[in-house]
Each structure stands twice: as structure tokens, then as C-alpha cells.
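Q: The annotation NADPH binding site is assigned in TrEMBL to 34. The annotation FAD binding site is assigned in TrEMBL to 41, 98, 291. Positions annotated as domain 'FAD-binding' by TrEMBL: 2-181.
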Ligand SMILES: Cc1cc2nc3c(=O)[nH]c(=O)nc-3n(C[C@H](O)[C@H](O)[C@H](O)COP(=O)(O)OP(=O)(O)OC[C@H]3O[C@@H](n4cnc5c(N)ncnc54)[C@H](O)[C@@H]3O)c2cc1C
């Protein structure tokens, strides 16, 4: 398994549960090497099903925040248009912090931290593949699964396709201790998220655990929109980024703009996607799952799909009875390959459907007509 994100760790955890040894090759030097990112909502028939397959659903339920599903929508003048709160027993899409999910999945999984994969070469013996590492060494495995995210290094072994820019970018900031430091913003956000939609732009603030809030400013822009600030937005002065965002959202209600005003640092996340119908011809010994296979707009599906795919591929491998130590390795590699091909068909059908839904959803949420965003919200709720 290349990549220790939600997809890779779920795959490893399910295999581990069935007594199969698996190594996760992860580029990060340690679990806490970088901030884990915002909160994820896990759907009952997707991410939660994957956790059930991993034997972790009960633990998830004690950690997750069903109240985090709450969603408030404002217009740019700050008027509340919708204020949706889940029932206390609504467990359809509870939220969990990414760090908590990672720790839950990690358990006793063997992760080889600090292993950056640079490429994969399919083998020539009807299965197996060679993995190349950044330090120059190589290793051969029966099956290499690329769950290494948007900029996957494994993907090139099966497909020449690379992600393209959607024309929509996100600048992310965050607020700490919102309940004590910014009680007025805590009230604005409520228990879950607040979203404000304008013409071709939006601001969404989403509560994580422990009073931490992620704020996302989303807008249509060319990829180089920030070059007046700095060629790489990561190097730009936060005050300059803040001013340029405030100018972009000029005229919006003051409490909404305070979400940006109080952000200390800013991260640039242009939204890239793979084609909605991305597939590849069979390549023995190599497959992909998660964002590596079907990067789509971040509208609540990507981690869910990656996790379910991880769980399903692991179960498919268990069902073959594949055993890396078996004497008749050729037979078991053939069975493994058949199971992988069947898994891919299933993954493509489901991911293609979600890619279409999230692509259309993004167009409506960042639209020249903000009432489209409301319509999108009503549709998701119904
Ligand atoms: C702002 C935002 C909000 C989102 N909210 C949601 C949500 O609520 N629900 C939802 O389902 N989805 C959500 N998503 C989408 C979700 O984050 C992704 O779809 C999901 O993380 C994909 O999981 P993955 O395991 O495929 O890849 P990733 O999470 O990208 O993990 C890939 C892993 O591979 C490692 N890696 C990368 N390259 C290499 C290499 N060369 N060698 C070794 N290791 C490597 C990385 O370090 C990483 O650990 C959101 C996305 C964003 C940006």
C-alpha cells in the first residue's frame, strides 16, 4: 500500500483484521509530521460501512460529532436563509477530525514512515510490481496499491492522465479557541458549519473539535491570481493575503468577513480533478484507489469512497485466500489479479457516479447565481 491516508489505512486495517501482513509505505516521516487537516463527514453507506468492515464503527461513534452535521446558510448581507440542525439520533453523516480518524485507523497497522515512493514498474511475470523509493532502492511486491492521493506517483504505472484545474480555488485559514476568543463567531457558526454564498464565491466556516474552526474562501480565479502577492502563496505575507481576500469579498457583512480577518495564516488549495470517467486498462500487479484513482471536488465524498474502496479491496484479497508464502505463487497471483480487476470495475462505477454529483455540485456552489447554492443544499437534505 502506497499512502497512509484514509484509503490506505482502511485497506491495511481490514487486511490486518483478517490476519494478513501488509506494509503501508508513507512519505510523511511520522503521523504528526504535518497538520492533519479539517473535519470529515462519514456517510452511513460509505465511510461508516468501511469502519464496520474494519471493526471500528463503535469506536468511531464515541469519537464523532453528530451535531457537526448542522448547517446554516446566510446571504452576503448576513441574513440567515436556512438553519438546519440534525436530530440528536441522526447518525447519517457525523463529523470526525482527520487526526482522530487517522489514529483510529492506525491501531497496530505497520506503517513504514518516511518512505517516499517515486515510481512503480509493473512486473513481467503476470503479476507483481517493483516500487522505487526516493533514496534509490527498489522492492518487489505481489500487488502495489496506490492510495497516494491527488498527485499519485503510482498512477503513472496504469494511466497517463493527470489532474486538471477546475477554475475554482480555495484559500483556507483557521481560528483557535473560537468559543472563548471569538464568541460572536462561535454563535454565527453554531455546532456545525456556516456557509455564505455570493456571485462566483463563497465563505464556509466549519467547526472541528476543541473549539477549532476551519474557514474556506472559495472563488473562481485563474491559477496565477496571487502572483501580485507572491509567486507561491505560501511565501506571501499573511496581511497581504488577508487584504486581498477582504477586497475580493468586499461589501459582505462584517461578521462574515471577521472569519477571514481573524485567520492567522492562509493555505492555497486550487481545486484539481481527474476526468469523471477516469479508468485504465488492466495492469497486473498494480491498482489505485481513492483520490489517486478518482480525484473529485471536495464535497464530502472523497474520503468516504477511499475508505470503502480500501475495505472492499482488502476483503476481495482475503476472499481469494491469497498467500504471499504459498508454494504455487503463480496461481495465487492470477487469483489476486482477477480479484483486483473485479474491484476496479466496482470502484469505477461508484466513483464515476460521485464524480458527476460533486462536479455538478461544485458548479452550483460557486455559481453566478447564488440561489443555485441554496437549491443544491435543499437537494442534499432531501
Ligand atoms: C477542504 C477539504 C474538505 C474535505 N472534506 C471531505 C469530507 O467531509 N468527506 C469526504 O469524504 N472527503 C472530504 N474531502 C476529500 C478527502 O480529503 C480526500 O478525498 C481523501 O483524503 C482521499 O483519501 P486518500 O486516502 O485517497 O488520499 P490522501 O488523503 O491524499 O492520502 C494520501 C497519502 O499518501 C501519502 N503519499 C503521497 N505521495 C506519496 C508518495 N510518493 N510516497 C508515499 N506516500 C505518499 C500522503 O502523504 C498521504 O498520507 C475533503 C477535501 C478537502 C480538501
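Each Cβ is built from the backbone N, Cα and C atoms, and glycine gets one as well.
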Q: Among all chains shown, work out which of the binding-site residues 41, 291 has the most CB atoms within 10 A of its CB.
A: 291
Q: Name the one residue among 41, 98, 291 whose Cα is closest in three-dimensional space to that of residue 34 (NADPH binding site); these are the binding-site residues.
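A: Sorting the binding-site residues by distance from residue 34 (NADPH binding site), the top entry is 98.
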Q: Which of the listed binding-site residues (34, 98) has the least company, meaning the fewest other Cβ atoms within 10 Å of its Cβ?
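A: Least crowded of the binding-site residues 34, 98, by Cβ count within 10 Å, is 34.
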Q: Tell me the coarse DSSP state (helix, strand, coil) of residue 291 (FAD binding site).
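A: The residue in question, residue 291 (FAD binding site), is helix (DSSP, three-state).
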Q: Can you tell me how spread out the FAD site is, meaning the largest CA to CA distance among 41, 98, 291, in Å?
A: 16
